[in-house]
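Notes for the one structure printed next.
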């Protein structure tokens, strides 16, 4: 671009000088007309480097460059501000039972009370509770239902006791050990034993007061009816003073100290 400007500048200057020379020679005809033609000289040596020019105007924004490679991971920044509190979490599972803590301090002395009436009431309550517990236990030990006649009720007690204890057990509830005084009653008790799946029970017959003289548990004497098995009573080892009934309905004399189930008998009028 600079070379073109220099060339055309030289041509224009040369033309201007030619015009001036031709006009000047027309007025001076008698004199010799000399024409000077300026011709560009040879290219000179390179000049010294000029001073740095002023900054040019900003150019247009170039197109976006290509995406560079991922840089190295930066240093961990400082902790940011706390965020909002999150929602309440679900209930966790129940933890293990903790260790037993140390005993606490002794409490202050209580206020003295007039406990005479209270002790009396508590004592009466204890008696009632004990009686109730005994009755409940009695009911639990009664098995195979109830057997009865027109005047009697029979209960089989599933609790092994000695003869005397069994008798006291029945008497404590208003009855006595069962007394089979006739064939019908004896058959009913035998059926009761079979139905319960037992082999024998105590019945209310003994000769505790007089050897060989058997009476019922109400101390009434035995009449003509009996169901002694063959060779019974035999008072084996000189210690068999009480009676049992086996599932067939027969009687044996046995020791009063062994334990077995028993049947209580109650009068319907007293129940």
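In case you wondered, yes, glycine gets a Cβ from its N, Cα and C as well.
Residues or ranges marked as compositional bias 'Basic and acidic residues' in Swiss-Prot: 45-54 (among others). Tertiary proximity for the compositional bias 'Basic and acidic residues' (45-54), restricted to same-chain residues at least six positions away from its ends with a CB under 8 Å from its CB atoms, involves no residues.
With helix defined as DSSP H, G or I and strand as E or B, the domain 'Collagen-like' (50-109) counts 0 helix, 0 strand, 60 coil. Annotation source Swiss-Prot lists domain 'Collagen-like' at 50-109.
If you look up Swiss-Prot, you'll see 55-64 marked as compositional bias 'Low complexity'.
The feature compositional bias 'Basic and acidic residues' is assigned by Swiss-Prot to 66-75 (among others).
Per-residue pLDDT, averaged over the domain 'C-type lectin' (149-265), rounds to 94. The domain 'C-type lectin' annotation in Swiss-Prot covers 149-265, and the record cites sequence analysis as its basis.
The carbohydrate binding site feature in Swiss-Prot is assigned to 200, 240, 244, 252, 253, 254. Residue 252 (carbohydrate binding site) carries a strand DSSP state (E or B).
Annotated Ca(2+) 1 binding site per Swiss-Prot: 207, 211, 235, 240, 241, in sequence order, evidence recorded as similarity to another entry. A C-beta separation below 8 Å, combined with a sequence spacing of at least six in one chain, links residue 240 (carbohydrate binding site) to 233, 234, 253, 254, 255.
The Ca(2+) 3 binding site annotation in Swiss-Prot covers 211, 238, 241. In the three-state DSSP assignment, the secondary structure recorded for residue 211 (Ca(2+) 1 binding site) is coil.
Per Swiss-Prot, the feature Ca(2+) 2 binding site maps to 232, 234, 240, 252, 253. Here the Cβ of residue 234 (Ca(2+) 2 binding site) has 11 other Cβ atoms within 10 Å, regardless of which shown protein chain they belong to.
Under the DSSP three-state reduction, residue 235 (Ca(2+) 1 binding site) is assigned to coil, being neither helix nor strand. Residues 232, 233, 242, 243, 251, 255 surround the recorded carbohydrate site, their Cβ atoms falling within 8 Å of the Cβ centroid of 200, 240, 244, 252, 253, 254, which are themselves excluded. Secondary structure at residue 240 (carbohydrate binding site), as computed by DSSP, is coil. Distance from the CA of residue 241 (Ca(2+) 1 binding site) to the CA of residue 200 (carbohydrate binding site) is 16 Å. Maximum intra-site Cα distance, carbohydrate binding residues 200, 240, 244, 252, 253, 254: 16 Å. Cα spacing between residue 211 (Ca(2+) 1 binding site) and residue 238 (Ca(2+) 3 binding site): 10 Å, rounded to the nearest whole number.
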